[in-house]
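**Q** First, the structure itself, so that you have it in front of you.
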């Protein structure tokens, strides 16, 4: 097993690259190569040893015995996946291995973080980068597609509710994110509520996700949200706009 011991990523970006390579390998083993993995386990199971599923940064996977050295160079995957395979339906077994694989990937990533002295900011950045990717379990069980549909539905509902509330509140004022308010006016509870409400909103200009620390404004015509910086609108300027039109709507000519 030479996929991890000889490679030691030292920066957040390198650890994340290592994580993605291992993750891709294990997803391959449990989806497109699932039959091959099962056959390999059947071949090795005669030894009656605890076997592990390894994923390497090169996006290659391997079913093998655990490392002999104690303690090992890296955290070890779950032992005995071959024995669990005997008494389970294939779908359930793949899901079980996927859960343990997710736990192992996090253990390896934060092992590197601890070994090379990542501080609080680095650990948080690494976790956020990892958290943006679906887990192996979500990919194997198809939960990713289901969540995408649900989030899309919730996002549309939240967006419509937000726009409806904005219109009832003041027809003459443009809609913009609470991030534009002064620091004295913004409380922690309001920021959390704003994150939940706009978390899945995409900027109509750049397509990036909503972030609580950025100023956003909504077009009163097409009702799309935009980063203030993308449409060159500042919080101060937004205060004096009675009805905001995005660049696209402003360029449209009224039909006769």
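From the backbone N, Cα and C atoms, a Cβ is placed for every residue, glycine too.
In TrEMBL, annotation is done automatically, which means it is predicted and not curated.
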**Q** Check each of the ranges 148-196, 197-245 against TrEMBL and return the one annotated as region 'Disordered'.
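**A** That would be 148-196, per the region 'Disordered' entry in TrEMBL.
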**Q** On average, what pLDDT score does this prediction assign to the domain 'PHD-type' (200-252)?
**A** 82
